[in-house]
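A.B. asks: What TrEMBL records for this protein is below:
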DOMAIN    A:3-187  domain 'Electron transfer flavoprotein alpha/beta-subunit N-terminal'
BINDING   A:Arg210, A:Gly266, A:Ile267, A:Ser268, A:Gly269, A:Ala270, A:Ile271, A:Gln272, A:His273, A:Asn287, A:Asp305, A:Ile306  FAD binding site
Amino acid sequence: MSVLIFVELDNGSVKKTSLEAVAYGAEVAKLTGTTATVLALGAAETSALEQTGNFGATKVLHVSDEKLSHENSLAYADVLAQAVQQENSKVIIISKSGLGDAVAARASAKLKAGIVSGVTELPVIDNGFSVKRSIYTGKAFSTVEVKSDIKILVVKKNAIEALEGTGIAKIESFTPTLRDSDFLASVGQIEKASSELSLTEADIIVSGGRGMKGPDNWQPLLDFAHALGAATGCSKPVSDLDWRPHHEHIGQTGIKVAPNLYIACGISGAIQHLAGVNGSKYIVVINKDPEAPFFKAADYGIVGDIFDVLPKLTKAVQDLK
Amino acid sequence: MKILVCITNVPDTTAKITFTDNDTKLNKAGVQFIIGPYDDYALARAVELKEQLGGSVTVLHVGEAEADPQIRKALAIGADDAIRINADPVDSYFTAAQIAHIASENKYDLILMGRESIDFNSGVVHGLVGEMLGIPSYSPVMKLEISGTTATLAREIDGGKETLTAELPLVLGCQEPISEWKIPNMRGIMTARTKPLVVVEPVSVEEMTIPEQYSLPAPKGACRMIPASEAETLIKLLRTEAKVI
């Protein structure tokens, strides 16, 4: 009956957003009077799997088969469905991402389970099972009652405060039946971004817009991001103009991010850009135009020339250390 | 090449979202509806593939008659015919079951749609349809080429992209830059008027989720302005007040 949490691995470690999902799953387990079990697929470090115990998991089902080390939503959903049957789980928790949604979708159809994607709070279970989710790209919320016996919640970043405690999760090896039909696609070239920090995982993001004035002017922004240990992003016009790569595009039709701190440099704040960042805890806007609409959505603002302000901020961060 | 493109009918990206009827319905007054921007990319690529390889493009929408102008627009952009499932879909599972039902009766080589709808942002309909039909699904797809019965596609993965080769049939969730949005021309608009738009009633689907109530985020407090000459103060505040660095 345990709550089952599907986690994503990155180089053998559990992704931070997935650890948040573990913490969320452990809270749901408390509410429903059961325990939290993690499902991890592919090569993983034992210590990384045990670490999920710090976030409240008591057990990890680990499928170490190398075939699962490469992202494969078809096979992952199939394994997840088998794990749900073995554990007799009624609630499945997955962190929101392209992969998370794909696995949730295919598992839902296999298990006839209702999905709620974009969950922002813990469920309320005293009278049925309802949960709040983000809709209209963060412009609104919807409370949804889940009627199906098995329920899949795809949880947004920062849905709960994931506090790390101490605990060891017991690792059990799990050997599902893998179907050949899930491995028919052949994978060619893989291009990973040069930045080691992914935007969806980053706690701090420094992002640039048209105010950066050209592709060759990004060094001050990159220096600032480096000093903060931040990932870098950009607005849609910037990626459309090829000043920055497409995978850095944040906004309604790009990546949606929810860092603790989002710093927008030279971005006016079109509603489509705001839709991609409105999950951020704090927003800082630096823009030379005091009328930029982004200031209305910001917590802190500086009106000034970014090429003058950024080096000062970089130095101030370096002076902190 | 027989292609099915599923489109959503959603408020424009700049629309201000409010609710009526005790926060149980979207307030549609003054809201401009559009084809979902991701779906629009899928449609554009489908029309290009048809021009390149021959075949047909069918547009499918699960929703009520208010979407007909958007369906006509899709026909004007280059789809050959359209199907509307006459229902107010309650969730992704319902929508996917309708699409899967139509797809199981017509053998499509490709089923394309946007990576997600911009109203509910679930991004699960392509995966659900794929599983319901027992065929692979991939998303978000940024590049798609077809050669014979083989698709070569590039899709976004966390922090990058990968190239995949897979056999048709496939269900794909699309996003830019798979193609560029197409604007209907006058000839397209004229011919769209007479292209077939078939309205069919939905199949019954098990109840999975029920939306209870909508709400809006709490309004944001005032922005604290820091003079550019004292930019360093920002860093101090981020450390001591916001505690985020």
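Every residue gets a Cβ built from N, Cα and C, even glycine.
Nobody curates TrEMBL annotations by hand; they come from automatic prediction.
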A.B. asks: For A:His273 (FAD binding site), name the DSSP secondary structure in the helix/strand/coil scheme.
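C.D. replies: Looking at the DSSP assignment, A:His273 (FAD binding site) belongs to a helix.
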A.B. asks: Return the single residue from the binding-site residues list (A:Ile267, A:Ile271) that has the minimum number of other CB atoms within 10 Å.
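C.D. replies: Minimum Cβ neighbour count within 10 Å, taken over the binding-site residues A:Ile267, A:Ile271, occurs at A:Ile271.
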A.B. asks: Looking only at the domain 'Electron transfer flavoprotein alpha/beta-subunit N-terminal' (A:3-187), report the model's average pLDDT.
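C.D. replies: On average, pLDDT over the domain 'Electron transfer flavoprotein alpha/beta-subunit N-terminal' (A:3-187) sits at 94.
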A.B. asks: Filter the binding-site residues A:Ile267, A:His273, A:Asp305: retain a residue only if its CB is under 8 A from a CB of chain B. Output in sequence order; output 'none' if empty.
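C.D. replies: Qualifying residues, whose Cβ lies under 8 Å from chain B: A:Asp305.
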A.B. asks: Taking DSSP as the reference, which of helix, strand or coil describes A:Ile267 (FAD binding site)?
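C.D. replies: In the DSSP reduction, A:Ile267 (FAD binding site) maps to coil.
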A.B. asks: Would you measure the largest Cα separation among A:Arg210, A:Gly266, A:Ile267, A:Ser268, A:Gly269, A:Ala270, A:Ile271, A:Gln272, A:His273, A:Asn287, A:Asp305, A:Ile306 for the FAD site and round it to whole Å?
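C.D. replies: Comparing all Cα pairs, the maximum is 24 Å.
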A.B. asks: Considering the binding-site residues A:Arg210, A:His273, which residue's Cβ sits among the greatest number of other Cβ atoms within 10 Å?
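C.D. replies: Most Cβ neighbours within 10 Å: A:His273.
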A.B. asks: Relative to the Cβ position of A:Gly269 (FAD binding site), how many further Cβ atoms are located within 10 Å?
C.D. replies: 21
A.B. asks: Given a separation of at least six residues and a C-beta threshold under 8 Å, show me what packs close to A:Asp305 (FAD binding site) in the same chain.
C.D. replies: A:Lys288
A.B. asks: Return one of helix, strand or coil for A:Arg210 (FAD binding site), based on DSSP.
C.D. replies: helix
